[in-house]
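Residues or ranges marked as compositional bias 'Basic and acidic residues' in TrEMBL: 982-999. According to TrEMBL, the domain 'RCK N-terminal' annotation covers 294-430, 712-852. Sequence annotations record features per position, and here TrEMBL assigns region 'Disordered' to 598-619, 976-999. The transmembrane segment annotation in TrEMBL covers 102-122, 134-154, 194-212, 224-241, 247-269.
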Amino acid sequence: PNQRQLPNPPREKNNIMNIHAVQNLMVQVEFYVNENTFKERLKLFFIKNQRSSLRIRVFNFSLKLLTCLLYIIRVATDNPGQGASASHSTGQQNAPSGNNKWFVIVAIISFLETMLLMYLSYKGNIWEQIFQVSFLLEMINTVPFIITIFWPSIRNIFIPVFLNCWLAKCALENMINDVHRAIQRTNSAMFNQVLILICTLLCLVFTGTCGIQHLERAGKNLSLFNSFYFCIVTFSTVGFGDVTPRIWPSQLLVVIMICVALVVLPLQFEELMYLWMERQKSGGNYSRHRAQTEKHVVLCVSALKIDLLMDFLNEFYAHPRLQDYYVVILCPSEMDLQVRRVLQIPLWSQRVIYLQGSVLKDQDLLRAKMDDAEACFILSSRNEVDRMAADHQTILRAWAVKDFAPNCPLYVQILKPENKFHVKFADHVVCEEEFKYAMLALNCVCPATSTLVTLLVHTSRGREGQQSPEQWQRMYGCCSGNEVYHIRLCDSKFFGEYNGKSFTYASFHAHKKYGVCLIGIKREDNKSILLNPGPRHIMAATDTCYYINITKEENSAFIFNQEERKGRPARGNYDGPSQLPVHSIIASTVAMDLQNTSPPDLSGGKLVPPTINGTGGRRPSIAPVQEIADSSSILPCDLLSDQSEDDSVFIDEKGHSPTEYVKGYPPNSPYIGSSPTLCHLLAEKAPFCCLRLDQGCRHNSFEDAKAYGFKNKLIIVSAETAGNGLYNFIVPLRAYYRPRKELNPIVLLLDNPPDNHFLEAICCFPMVYYMAGTIDNLDSLLQCGIIYADNLVVVDKESTMSAEEDYMADAKTIVNVQTMFRLFPSLSIITELTHPSNMRFMQFRAKDCYSLALSKLEKVRQILSNRDKGSNLAFMFRLPFAAGRVFSISMLDTLLYQSFVKDYMILIARLLLGLDTTPGSGYLCAMKVTEEDLWISTYGRLFQKLCSSSAEIPIGIYRTESHIFTTSESQVSVSVDDCEDTKDKGDESRSNDQSDHPLLRKKSMQWARRLSKKSVRWQGASRDSSKDHAQRIAQQRLNLYRRSEREELSELVRNRMRHLGLPTSGYEDLTNLTASDVMNRVNLGYLQDEQNDHQNTLSYVLINPSPDTRLELNDIVLMEKTHMITSFYPLSHSTLKLHIHISILSMDGITETYLPDTCLGDLSTFFSPRNSSGPFSA
């Protein structure tokens, strides 16, 4: 084989000869040889090349202007007295010989240039080029001068050289076009048309002036200036008549010029107006000079709605440092009438520029000066029927901006979480469905989380509701002005004195002294933000502090009392009025009673007051918050459920087969980019058949929620499809820090059955089920166990987000929720709406006087919001929103807008909602204040109690209170006629706030009429009774009427349950509610007007209230609980898993409790089985 590979010498010689032969046969081909000809080179120089052709046109334009100037000089220096007789007969005139020489030279050059360009542009039709107007004018103005070279006797003949002004106009137009082509300027149509119009006017005036002056030489001998004056007066339609042409040729010329002007000028003006209107639609350009001297941001949307525009402008310009910024809106659609009217307001007309164009076109991005922009906001169209297609458009826009302006910061809004990884290069990304589902989930365990986050991301000064007579509106409006700010510890007056102290100590004392709530920290060498890292975090001078306050520290003034100025601490109690600072942070003159320094005695699941030595009149004391963490004093607070259990096996109350729960990361994520979260998981994945709630399988025979025997109340989620965003609803409710004994079963009520990909993602979570059905079907609601549910979450459906009439997209959702509210009054219903303005229809009552009063307050706030620069949330005092029972994702658009000024807001919101989990960062939880906890008295003392015992940081209070309105307050009197129903007033009774279904109301109407007649006879018999007594009887009769309707609704539900074979024992009527059920409903914030029209319960959230705010019974405290994972040790695959009091994940190296600084092999020295006496407990 080796010998075969060696070349044969004779064969190699033959190969070389063949190669030479092939080379001799090859023919060299030259391409584009036609461009090497003399004609093509001339054409390239005179026509094709931009720069050289521009020089030729400039030279030609200069020649034409020179001929016009020479003509003016010739006329000005001419003596009309010489050769008058010859002038009358032949039209000749004497002229200096020097001028004729210049005319001849210019004529020869122009003639040669014209003939050369005609030769180069020849395309086969010579007559077409000869009869062009420009060619004829050139011949008229050049050929006679060339003839005078050979015939000197006719040199004084008159030649209309002034007609070269029209050739100069054409040369100027071509020159401008070449200039725009050379500098790549394509949006110059408006400029060109204005230039053409001006040049046309000048040429008409110049032609008329020179023509009339020359023709009048045979008559009145008008001067050039008088001719110019006559033309201006004539074309302006003034017509003084002091200067007029005398002979018929000049008069004929005037007639011709007027006719030409009447034809040409209207056409020019029409074209100009058309271009101007098109420019008004497209918005013109953002000038380069302004882009270099001023700052601007670009807002890119597919369709601009008035609500979106006002939300962006109000939030963007709410920050003082953005007042000088320009906003350039780039939108492909034409500006509608409402947006046009808003942008004509002087407040916005000088700062907002609307450009019609596409982000995918570099020309439009150049118009918007995207490369010079400070930021680019790309918003998705959430009202599209196909939300996936809307995301695809957003992705392409983000790619186009990144390609055109790589250094421009991008702020992108994405609808679907599975599309988020396509725009991960953006500086800030907000995924709508991620935030929406996480917020709705937390609303089930932490009431009013949606309201809390919405108020935190809206700019306000806390002045809303301060003129209201209602105390709750003043408190709620004042606390709504709290926002999240940041400052370095070394630059802070709030936190600078706590350098070297623990985080918990700094948070408590900053709130006690200044009223600010320190919620998070970020190390200089770490980009992660930690919410409530706990007492073991020692504050450093380089730390960045994140706090909640009315305003940032830079806008605050510090006023100290005399005792503090002398260095002595002030003493007192938190008994003062509840008032938060607005413009300045005033140091509190109150202090905690820090007499008892022993750890608190925690027993019975309550904050039991410690034993008091001595007299019983002294208020119990609370342990102080230590400057440096002591592990023995950091004990879990019994107000919150313990985060761990003694075992990992869950057995339901009916004794069914035990289910083993483990803690770990979900093995299957439904989309790319989801943050890993440690959750409660099943030891083995559940089969897909077991996830169906309403159908049995070979593994179990349960067909309804009652058969499962759930220990806790259900959480039902109604959605159209099982999208990937629904995964973010399950994860926060199955997070590892939720106690296993308090996990609520989750039932997904879906219009369309889920696919296997989604089932694969949720089959690892415990107590998660689904069934097909809709909320407008009572049978579906009963089968999914609505009578055993605590919360029903109604998610806005994609198919109803777009409607022909604006704001009608929520009609079906609102009516369905109203029906469920009537059928199941004790159920907590959390609803998502497309339009925030539709919140006023939630739990609508046409005759509720208090709702009407809130409606009036909302209208007044809309008028005063711009004047006082208050919050843009006109609906913030609506009871469903204040109670956290309704939510719209469009309210979170401001989160993206605020991130331009506060780049940390998106990350903090994700940490609060549990979308991201940072090692060492805390999480949001809630606790309820009971009668045993009222000894704490004030919010400040509660702050100290939580910080000293369990290191929690409270951030707000969810308060529910009863409100009783008198007749004078409501200005509504209830009489007997209000509940009487006659045939003539049947429509009036149907306008009541009860159910409008005729089958449900027929019996109750008849019963109410009979009762009303009996009452009237009774009143006639007892005319001596007092007026108050009559009103009380009428009120009782009205309550009975309403109760009868409630009974009919209850009977309807029971009949459907019997028809479906469901037990009716779980369904309770309103009249049979126990005291605990009624109080539970009060805590949910529903109006209790089924039994009393004048008594209402309302709920609202107070963000960072003042330390002296009094605690009330059933207050729910929202707080940041410290992370249980405070130390991390890498573990290998062979590490032993402990299931005693510490749980170790070998794959990810995360421990769920504090570990001392020691090796893992010595863990047995610190922990022993069933030993919880040590300081460390999981």
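Yeah, the Cβs are placed from backbone N, Cα and C, and that goes for glycine too.
Where the transmembrane segment (194-212) meets the stretches 102-122, 134-154, 224-241, 247-269, the count of C-beta pairs under 8 angstroms peaks at 247-269. Averaged over the domain 'RCK N-terminal' (712-852), the predicted model has a pLDDT of 86. Taking Cβ pairs closer than 8 Å, the transmembrane segment (102-122) reaches residues 39, 42-43, 46-47, 56, 60, 63-64, 66-67, 70, 129, 135, 138, 141-146, 148-149, 159, 161 in its own chain, all 6 or more past its ends. Assigned with DSSP, the residues of the domain 'RCK N-terminal' (712-852) fall into helix, strand and coil as follows: 55 helix, 29 strand, 57 coil. Secondary structure by DSSP for the domain 'RCK N-terminal' (294-430): 59 helix, 28 strand, 50 coil.
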